[in-house]
């Protein structure tokens, strides 16, 4: 108790210096907390977006061209068109409730309305993976209709919502069975407008509508993806494994989230580690301040030893001083991080309707704990030096 009283008194006597040291340490603490909070917030935001876009019972199935059964899967490999045999294979798996054909068209396509036209960067058949919440206006297309992105609607007319109900010319440029370039054409009615993904000019039609267009030239539309619905969410991993055994690539929500969360965790800890370098500077400052304190109080230490203070009592004084500085640094760092998180989230919410900084109570405790531990470690050498001073020499020190 006496050691604590002496330590608190010494902190008060050198209050300005200790406040500056605490502020220096707080910079490192709030940086680490902020990086952890940013990583957590971004992870939660992305997870929520993915969960909103994809159903947990849905597996997106594709097939890539492998050179051999033992070949290492390459996500950049060309996706193979799926056959009727592939569809039957997927349908016959246990716990598969439904299989939906999806076609993503990589060839050139466009829409035309009166004198205005717009190229379609991403053309896909309507499927379960399309989120209804992304609809800006109108509804999903039926046969003979098309759903266009807001960026395409803006190119076709001044008021994009006026596009709904309008008849447009829809073109798909492809090749016939002899590899001769041809243009497929059909009049479609705009059923609705969807929010563009990554600012892409995208459009959706029903699988049957696109299939009928291909049939006019005796061409067969082959799906590039199957949306497999599982009857029990808990069985999704099992079905994914079965699909892999059959040579397919199955991607469910959990699969996507695992990959995304792994990358985000690595990025978060790397950023927190970089921010944590400033904690080393904080530790050095505490060491320097305590060494100065040892020199300034050499005679006081001698007096304490002369009246019966033990070495461990002297050490305890300096450890308590370091702990006070460390806790103060941690608390200041937590307050700064919380304020930045609060105002940062308000700004982000106003601009992007998203809160991406999650300064949780756990991160606050971690910040204070790190600051406390670093301060105690920084006090080891100065405290040992003070405890090992010769009492007689210390009393003669001026």
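Placement of Cβ uses the backbone N, Cα and C atoms for every residue, glycine included.
Note: TrEMBL annotation is automatic and uncurated.
Feature annotations, reproduced from TrEMBL:
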DOMAIN    20-245  domain 'MacB-like periplasmic core'
DOMAIN    274-391  domain 'ABC3 transporter permease C-terminal'
TRANSMEM  20-42  transmembrane segment
TRANSMEM  263-296  transmembrane segment
TRANSMEM  317-344  transmembrane segment
TRANSMEM  356-381  transmembrane segment
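Only residues 6 or more beyond the boundaries of the transmembrane segment (356-381), in the same chain, are considered here, and those with a CB under 8 A from a CB of the stretch are 25, 29-30, 32-34, 36-38, 40-42, 44-45, 279, 282-284, 286-287, 290-291, 318-319, 321-323, 325-327, 329-331, 333-334, 337-338, 340-341, 344-345, 348. Sorting each residue of the domain 'ABC3 transporter permease C-terminal' (274-391) by its DSSP state yields 101 helix, 0 strand, 17 coil. Computed over the domain 'ABC3 transporter permease C-terminal' (274-391), the whole-number mean pLDDT of the model equals 88.
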